[in-house]
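A short worksheet on the structure shown next.
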Amino acid sequence: MPMFKTAFNGYAVKFSPFLESRLAVATSQNFGIIGSGRQYVLDLTPNGFVPVCSFDTPDGLYDCTWSEDNENILVSASGDGSVKLWDLAAPPMANPVSNRQEHSHEVASVDWNMVRKDSFLSSSWDDTIRLWTVDSPQSLRAFVEHSYCVYKAVWNPRHADIFASASGDCTVRIWDVRQPRSTYQIPGHEMEILSCDWNKYNEFMLVSGSVDKSIKLWDVRNPRQELTRLLGHTYAVRQVKFSPHQESLLMSCSYDMTVCLWDYRAPEDALLARLAHHTEFAVGIDMSTLVEGLLASTAWDETVFVWQQGMDPRAA
C-alpha cells in the first residue's frame, strides 16, 4: 500500500466519512515546537496518493476532523489557539472560511459530532474544551473542570449530547452538555492521559491511553476500576482508536514509533500486531468507516501510510 511524504511532521490523519479514497493530514513544522503548519487533503488512487489541495497556516496543526454533514468542510486544530474551518469547494483565497480564536494556548484536538452533525469540540492546552457549531463564530460553551492540558475530547457515537475528555491531570471526564458539570470523573492513570475513544458498539465502553505506557478499557458506569489493561508499548501511548467495524478491535500508536492492533476479547494475547513502519514518534492513526480494515497512520518522520489490516504497511 502507498506512502506519502509530507513537508512537515505528521500529527493527525483522518479518513473522510463521505469519500472512501479521501483523507486529511494535519502537519507541523519543527515537530510542532515552533514554525508553521500545513493541512493536506489527499486522494488514494491505484497509483498512490494524489494531493487534492493543501492549506498553509502560520502555526503548526495538531489535529483535524471532517464534517459529518458536508463532504467539503474540514476543521483544523492550530498551535496559535485557533480553530480553522476549510471549505474545499471554496476558492483557495477564501480559506479558511472561518478562523475562531478563543483558546489561549495550543488546540490539541477537534472532533465532529456524529449524531447531531452540526457541532464539534475543541480541546486545548489551556485546560478547556469548547463546543462550537458551524453557523456560530463564537463557541456555545466552555468546559473548564480539568486542571491541566486537555489532550482529547471525543463525542459518544450514539448520544448527541455526551462526550469524553482525556487530560494531563490524569483523569478522563464524561460530560453531558445539558448538565452544568461533568457527570463522571475517572481517575484513569497515574500519569498524563493523552487520548481516549468510545466503543462504537457499546455506548458505555471507553478506552484511554497514557504516558504510563498502558491502555485501559472502562465501563463508565463503574469508573473506579478498569475492565482490562493492555500492555505492550514501551513509551507513552499517544492515540487510541476503536474500530468502526469490529467491537473488540482497537488501534494505538506510541512514542515507541509503533502502531499496534489489539483484540481485548482475545483469550490469550490481546496484541494482534505490532507495526514498526515509522522511524519517529507515531502520533496519528485512523480506521476507515467506509472500507473495513483500511488503516492509516502518520508520524514525526513526515510520512503517511495507508494499508489493509493484515498487510505490511511498507509493502508496495
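Glycine too: its Cβ is placed from the backbone N, Cα and C atoms.
Under the heading domain 'EIPR1-like beta-propeller', TrEMBL lists 150-262. According to TrEMBL, the feature repeat 'WD' maps to 70-88, 100-142, 143-185, 186-228, 230-272.
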Segment confidence, the repeat 'WD' (186-228), expressed as mean pLDDT: 95
Per DSSP, how many helix, strand and coil residues does the repeat 'WD' (143-185) have? 0 helix, 20 strand, 23 coil
For the repeat 'WD' (100-142), sequence-distant contacts whose Cβ falls under 8 Å of one of its Cβ atoms, 6 or more beyond its ends: 62-69, 73, 75-85, 148-160, 163, 165, 167, 175, 177
Residues from the same chain, set at least six apart from the ends of the repeat 'WD' (186-228), whose C-beta lies under 8 A from its own: 148-149, 151-152, 154-159, 164-174, 234-244, 247, 250, 252, 254, 262, 264, 270
Could you count the residues of the repeat 'WD' (230-272) that DSSP puts in helix, in strand and in coil? 0 helix, 21 strand, 22 coil
Would you mind splitting the repeat 'WD' (70-88) into helix, strand and coil residue counts from DSSP? 0 helix, 12 strand, 7 coil
